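Listed features, source Swiss-Prot:
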BINDING   C75, C77, C90, C93  Zn(2+) 1 binding site
BINDING   D465, D467, D469  Mg(2+) binding site
BINDING   C819, C893, C900, C903  Zn(2+) 2 binding site
Amino acid sequence: MKDLLDIMRKKTDSDGHTPIEFDRIRIGLASPEMIKSWSHGEVKKPETINYRTFKPERDGLFCAKIFGPVKDYECLCGKYKRMKYKGVICEKCGVEVTTAKVRRERMGHIELASPVAHIWFLKSLPSRIGLLLDMTLRDIERVLYFESYVVTDPGMTPLEKYQLLTDEEYFNALEEHGDEFSAKMGAEAVQDLLKDIDLEAEISRLREEIPQTTSETKLKKASKRLKLMEAFKESNNKPEWMVMNVLPVLPPDLRPLVPLEGGRFATSDLNDLYRRVINRNNRLKRLLDLAAPDIIVRNEKRMLQESVDALLDNGRRGRAITGSNKRPLKSLADMIKGKQGRFRQNLLGKRVDYSGRSVITVGPTLRLHQCGLPKKMALELFKPFIFAKLQASGQATTIKAAKKMVERETPEVWDVLANVIRQHPVMLNRAPTLHRLGLQAFEPILIEGKAIRLHPLVCAAFNADFDGDQMAVHVPLTLEAQLEARALMMSTNNILSPANGEPIIVPSQDVVLGLYYITRDAVNAKGEGMMFADTHEVNRALATGQVAIHARVKVRVHQTVINEDGQREKQTIVVDTTPGRCLLWEVVPEGLSFEMINLEMTKKNISKLINSCYRKLGLKDTVIFADQLMYLGFRQATRSGVSVGMEDMVIPPQKQAIIDKAETEVREIEEQFEQGFVTAGERYNKVVDIWARTNDQVAKAMMDNLSFTNVKNKQGQDEKQKSFNSIYMMSDSGARGSAAQIRQLAGMRGLMAKPDGSIIETPIKANFREGLTVLQYFISTHGARKGLADTALKTANSGYLTRRLVDVAQDLVITEPDCGTMGGLVMTPFIQGGDVIEPLRDRVLGRVTAEDVRRASDNEIVLPRGTLIDEKIAAQLEEAGVDEVKVRSVIACESTFGVCAKCYGRDLARGHQVNPGESVGVMAAQSIGEPGTQLTMRTFHVGGAASRTSAANSVQVRNKGTVRFHNVKTVQHAKGHLVSVSRSGEIGIADELGRERERYKLPYGASILIKDGEAVEAGGIVATWDPHTHPLVTEVAGKARFSQIADGVTATSKTDDATGMTTVEILPVTARPASGKDLRPAIVLDTTDGGEQFYFLPQNTIVTVRDGETIGVGDVLGRVPQETSRTRDITGGLPRVADLFEARKPKEHAILAEVSGIVSFGKETKGKNRLVITPDDGSEIYEELIPKWRTINVFEGEHVNRGETISDGPQNPHDILRLKGEVALTNYIVNEVQDVYRLQGVKINDKHIEVIVRQMLRKVDITDGGDTSFIKGEQVDYIRVVQENQAVLAQNKFPAKFERQLMGITKASLSTDSFISAASFQETTRVLTEAAVTGKEDDLRGLKENVVVGRLIPAGTGLAYHLERRRQEAEAAEFELHNDFSEVDQAFSQALNQEQF
């Protein structure tokens, strides 16, 4: 294969040019000499072509003398024609005889009569010219556009260099000092100033100045200037080149002029812009020759500057120049940026030849590796192959004859086509291609008709359905392409999803229903209790109608079991089963046990079955099995006769009673509200809660009613059995529909949300079978509309998120087998409330252990470090009662470029350790982005019904076990129970092995009814609290004394007429009179030991104690009502994921303690409280100002730990990184992102999120340079700092100190080392400007850069090519990858053998 590449490389093109070999690309500023060296002549006239002869005008924008001939090998006047004069220059018209395509590469130039500043370096922020000259952009613009003079050389006068003078001041100065000083205006002045800069001297001056500056702004500016100047010095760019004396002209074929009918021309906007420049330049030359008055020349120079600005970047300054149709002209900058620009349209997204598209239909008779290709399409796509075959076999003498035969569609053509197509895979793609499974290879089968036929099982991967979807077909041409398509992209090789490692070739819908139907059992069906010798006998009995398909019978089956050491052993057993399950058993491959299918085959069970088939028996058997399952499922679904009828939606008889009860409860609350017991917010909350609960009750009654029917068994007694109701079967099997949808059909529709997301408190009590009233229908339309609108918006948002993710992760590739790090993440089961949402075995599956795993009970090693955990080992860990495992993670990987295979672990899509060269970054981005789009397209399936659960108010234990407190602080109440006074407390329940099975959050103020370490029974209540209010709990006993609580000033008191009770409510700051704005209402406790304890009351607190009352420990002083909750829906979810990955600071985020110590409150300012923490270690006191409206969770004198919450709110990821480290941050982001996806039932492996987080943590901020070359405040790559520090430490010098920086994915993509990658992502102008000024080099390490320059990517099969190139450069490459082509051969032959089954 390498030789093939060598041959490809030695090829030369028609002009005898060999393609250039290069390793990196550098971008810089061009000097005037350089521009002239590119040019083939000066463009002097604005004319384009002669409209009569259509020949280009001499010296014009399309001049043949400068740019080359218009026709191949023919000069303009026609004196020299044909190849033999190649290279001759015609003496008459001056045109060189050569190919016309040189008009695509030869440039020209324009000599500018006056220098012009390049707008990118002037206006692209920060202005580079401004930074170098240390002038403001406004001042430079005034000079450039001829509004003021600037002093370029003050001489002996009192004027200063860089000083701006108006006309008046200039003439006054002239009169006063004569020509002792010089001042100029326009770009010449700026050019002179730039020439005068002595970079060396300035750099050393700044280096001395920086350590002495105290002001933050001056320091920032100085370090920016220093960086820029050093970049200029190192890159050999000269500052004065930012002002141009010569303007390059683009080759004419890149700005074409096309004749339209009717004698008009269509032209590129660039020609207009160039014409403007040339016209003004020529006019200026003439004016200068005529020595015209200064003011006229000045105006012309300004216009020249403006026209060059428009050519380079139209609209960057002032109004954009428009063409005849009032549309702004497209300048050079617009050509390269944006979705339609050069990067994204032509370099990253090319169109391909040999492709076609058509509508898709179902191909239920196909095998998994096949697709149906219409004959018409195949004939067109494989034309070149057919021509070659016809010629080779002698059926056609020439290509022309072959072409004729194909056009006539003679019979032999079809034979040849069938021959060509055999063994030649084609690729099918469905847009949008959201992950790599959106493009797969199949073997084509020729079919009649015009629609492509697609195998039903791959629909899930393509996200395709047959309601008019279209798909594209591509033909891999070269042998290598066919080999890759076969070995890597064949649909049979992509059985597992790269996102979560579960099978993606899983039956759905009809197939599931069919399999579920035949594996159900029924009481007292025909033939119940019969005995059969084997499955053949069952088949006969079924066919003759002796036994029903659901009857409970006994059957003798022969099964092959694979035991522990991989040996197969045959067994014969008698099982209780049904004839239907025997039908299924006939297609199950040898090696799976009967018990796997001796149950109801719901979608979950089928998925498990396919998964274990893949793990135990390998790819080939699984593929055959999946196909067989599909055929069986389709057939049985048809025969079952399951369909939906109105009668199937059974409305529960208890419905009315449940609703009546709820209405009574609501009425009671309304009455309480009218009497003033509850606030409006509380009333709303409680009502919504009641209806949410009622809805659940109706739904439960309905499901109970639907799911079971009473039947008579053989003995004639009543027996409950699962219902054969069609709707219930569809939902129960997982084929279609969910409990939530059935609830709306036969229960009640429930609560609906308004367009703004708040819940309407009157629910829809009817269901779809009963029908909706006009009002109910109207309320429903909100949700339906919102669903559709959301879908449209979210698709775009989700696509954009994927694009950002791909961009940030694209250069992460597996580069080495093991980096040798000891670090990693500690994995524990993910528990929320009473459910183990993700058990430990799922979380560690496919990971490598980072240290020895020991059993908790006797500390014995269960697993050595460095083991890849597979299904078997994961099950052993669970049996050994291991509760946490430290595993390797990409977060901790120490590879310089990319990540190592050990830190990544298992390749999810292949089920074994990941191969070097696997592009894990892009895989991660696709895995996270793909469900984003799918979910957003799915928002409206529940029809906007508010999925809101009633608020929890207690912890009820599910399993028997012992209680564990996790950072819970408690005080003992007088009545004997404990009261929680911690904010982040959790309560866990551990089983007898010590493994935690449940975990609940404990709110502040909860009453805990049990002690730490005590045993509890299942169903026991451990803690209770009021979900609608937030209490203030005392931690000491004493006498209450009101402070600054004045009626009408800071508080308002309400007396209830019915009970005579008075409650005091604290007013919000905004509602207080002026006198109360700065007061802080509080309750002071005069404690029994003579001290006093302040409890400040937040706004809206309802005080529940009286002035002077005696208070015990754990009593409640007051309650703050809680706000209402919004509905959760991925609509909130997608932006949430984007926020997490963009590392945005949330509004009103939680305030964390920066140091550990004792809290006190200092002197407060107008709107803020001053929080003071006195550290334990005696370092300096930490102070922070917190706005008064924030609820502060800590009291005077309380002790806090670093990173503990001081004021509640959403977490700020930057704080977590700073105070708790990168592992805590990773866990936070992974769990938060997973929460959003889990809510939608989408499984994504944690690995993928970690990969993105690794890319977000690439940079560090230097806090102290030490003896390294870094400057304080600089942003550097983490790996670079670590390497530099190691080098410095080796010489016993001081290393640099740094803080890890968390960057959002957009920022991280733009701050990558590769300017090509960054420019093709976003903000093209800014990226290129910066890269050019600093003379950046691009090492072409990532995938994107290599695609742009048209190379194989350094991943997958392209990695070998890149490693080989690096090795040949003899730069002692870091590691060698011996390419083992025997593996590829093996894969190839295996692929060829797939025909046989």
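Yeah, the Cβs are placed from backbone N, Cα and C, and that goes for glycine too.
Here the structure is a predicted model, which means the values were calculated and not measured.
Local packing around the binding-site residues C75, C819, C893, C903 was summarised as the count of other Cβ atoms within 10 Å of each Cβ; on this measure the leading residue is C903. Looking at D465, D469, the binding-site residues in this record, the fewest other C-beta atoms within 10 angstroms of the C-beta turn up around D465. With respect to C90 (Zn(2+) 1 binding site), the closest of these binding-site residues in Cα terms is D469, chosen from D467, D469, C893, C900, C903. The two recorded residues, C900 (Zn(2+) 2 binding site) and D465 (Mg(2+) binding site), show a Cα separation of 39 Å.
In sequence order, I360, A464, F466, G468 are the residues of the same chain, not among D465, D467, D469, whose CB sits within 8 A of the CB centroid for the Mg(2+) site. Other than C75, C77, C90, C93, the residues of this chain whose Cβ falls within 8 Å of the Cβ centroid of the Zn(2+) 1 site are, in sequence order, A64, L76, G78, K79, Y80, E91, K92, G94, V95. Taken residue by residue with DSSP, C903 (Zn(2+) 2 binding site) is part of a helix. C93 (Zn(2+) 1 binding site) counts 17 other C-beta atoms within 10 Å of its own C-beta, drawing on all protein chains shown. Cα separation, C903 (Zn(2+) 2 binding site) to D465 (Mg(2+) binding site), rounded: 38 Å. The distance from the Cα of C819 (Zn(2+) 2 binding site) to the Cα of D465 (Mg(2+) binding site) comes to 45 Å. Ranked by how many other Cβ atoms sit within 10 Å of their Cβ, the binding-site residues C77, C90, C900 place C77 at the bottom. Checking each of the binding-site residues C75, C77, C893 against D469 (Mg(2+) binding site) by C-alpha distance, the shortest gap belongs to C893. Across the structure, C75 (Zn(2+) 1 binding site) and D467 (Mg(2+) binding site) are spaced 58 Å apart at their Cα atoms. Its Cβ taken as reference, D467 (Mg(2+) binding site) is surrounded by 5 other Cβ atoms within 10 Å in the chains shown.
Checked against C893 (Zn(2+) 2 binding site), the binding-site residues C77, C93, D465, D467 differ in C-alpha distance, with D465 being the nearest. Apart from C819, C893, C900, C903, the Zn(2+) 2 site neighbourhood in this chain, defined by C-beta within 8 angstroms of the site C-beta centre, holds E816, D818, G820, T821, R888, V890, A892, E894, S895, V899, A901, K902, Y904. Cα-Cα distance from D465 (Mg(2+) binding site) to C77 (Zn(2+) 1 binding site): 62 Å (rounded to the nearest whole number).
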